[in-house]
Every structure is written in structure tokens, then in C-alpha cells.
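These features come from TrEMBL:
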{"type": "DOMAIN", "residues": "119-227", "note": "domain 'Phosphatidic acid phosphatase type 2/haloperoxidase'"}
{"type": "TRANSMEM", "residues": "40-60", "note": "transmembrane segment"}
{"type": "TRANSMEM", "residues": "92-113", "note": "transmembrane segment"}
{"type": "TRANSMEM", "residues": "118-136", "note": "transmembrane segment"}
{"type": "TRANSMEM", "residues": "156-177", "note": "transmembrane segment"}
{"type": "TRANSMEM", "residues": "184-206", "note": "transmembrane segment"}
{"type": "TRANSMEM", "residues": "212-230", "note": "transmembrane segment"}
Amino acid sequence: MVAGGCVGHDGGLALDRLTGADLEVGPTRFVLPRSLRARLGPIAVLAALVVGVLGVLYAGHSEPGGVDRWIIRPTADSVRPPWRRVALAMDFLGEPAGAATLIVAAVTGCLLLRRPRAAALVVAGAAMTVGTATLLKHVVGRTIHGDGNLSYPSGHTAFFTALALVVALLVTGRFGLGRTAGTTLVLAAALVAGAAMGWAQVALGAHYPTDVLGGWCTALAVIPATAWLVDRTADWLVVRMADSRRRERS
């Protein structure tokens, strides 16, 4: 009985220590590092405004706008081999099979690094970003190459940018990067991923350039908010578990 009581007491203390450690501020705890919140918040708001403005401008349209024509007029053969194969490979990463593969790989990596919050953000961030892009497509109603092809914003670009943002946030927290370095890394990752997938979508004639911009901004608007929500939910769960454990011991 005494031994059992000691084990239970020690186990409770161990849980308290783990809980306390999770509640402390550290470089690897938050999926939205505190050093970036002050900057990513306004960036997310600005990105949401861009998404909204472009959505209003191109609502119900079925032709490229002036900016789109200035960049390139989308056709089915805007790019030739060997670059077409590169574009098709990029496009695959935004298709269900390719996207699922990337998500599984990212979640596995997060769990191996013992970052369950980051794993949750990968899943929640991808779902929220793609869901938002899909909803906006039906609300805006812009089409390309026929009435059945909703185009604004680009879901492929939104997804790939979102995944890059999550990885950049994980790296920022993992290595404790400061505000300037962390913000630079996050924006650079978003820019590279968005540009790569956006190029593929425009080159293959699947989207207008402004669709790509809308998808990129959708990810920039959704991921910081989702990361904040994941942190808040995780903190709440930790507190509830600690309170429940204390009540069991009392």
C-alpha cells in the first residue's frame, strides 16, 4: 500500500513537472513562436484583405484580367518539355495523392521530433487552408477554360504555401530564431513555395496569375490564425489534464 501510494504520488509529481514544462515559455513549445506573433498578425490581416479585394474584382469572371494578360495569357500549352514535366510534378504535389503523401511525411517528421503540436498544425493548417480556398472558389465563382473550372483562389498554391509556412514555423521554434530571422525565414519559405507551385499552375493553364496570388495570400492569412488556435487549444488541454490529475490525488 505504501509503495503503491509512493508510486502514485511520484507519478503525479512527474506529470506536474511535465505539465509545468509545457506551460513554460521556451523556444520549441509554441507552433506560433511569440517572437513572430507581432509581425505575422498584421501580415495575415493584409493577406486576407488582398484575398478579399481580388475576390471582389474577379467575382463571376471567366477571362483573364489586365494583370493576368500582362504576365501571360493562360493556355493549355504555356510550357514545353522538359519544363512541362517539372510543372506536372509540382502539380502532382497539390493533387490528393501527392498532398496526402506530403502531409504524412510532415506529420511523421513532427512526431519523430516530439512536436505533437506541429503535427496537429500540419493537419489542421492544410485542412483549414484548402477548405477556405474551396469555399472561396464557390463564393467568387471565377472560372477558367469553361464554367465547371472554378479558379480563384488556387488551391494548389494555397496548400503548398501553407505546408511551407508550417515547416518554417517549426524551424523557427526549434532553433529559437529571433523576430527578424524568423520572419525572414517564414516569408522566404512562403515565397519560394508559392512561386514554384504558382508557376506550375499558370504554366499548365490551370490558373490565372491572380488566382495564384489569391492562393498564396490565403495561406498567409489562414496559417498564423490556425497556429494560434492550435497553441490555445493545446494549452487548454494541458491545464485541464493537470487539474484532473490533481483532483484525483486530493
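Backbone N, Cα and C define each Cβ position, glycine as well.
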Take a look at 92-113, 156-177, 184-206 and tell me which one has the most Cβ pairs under 8 Å to the transmembrane segment (212-230).
-> 156-177
So what's the mean pLDDT when you look at the domain 'Phosphatidic acid phosphatase type 2/haloperoxidase' (119-227)?
-> 97
Under an 8 Å Cβ to Cβ limit, what residues of the same chain, 6 or more beyond the ends of the transmembrane segment (118-136), are close to it?
-> 31, 51, 55, 99, 103, 106-107, 110-111, 152-155, 158-159, 161-163, 165-166, 169-170, 173, 214-215, 218-219, 222-223, 226-227, 229-230, 234
Tally Cβ pairs under 8 Å between the transmembrane segment (156-177) and each listed stretch (40-60, 92-113, 184-206), then give the stretch with the top tally.
-> 184-206
Using DSSP three-state counts, the residues of the domain 'Phosphatidic acid phosphatase type 2/haloperoxidase' (119-227) come to 86 helix, 2 strand, 21 coil
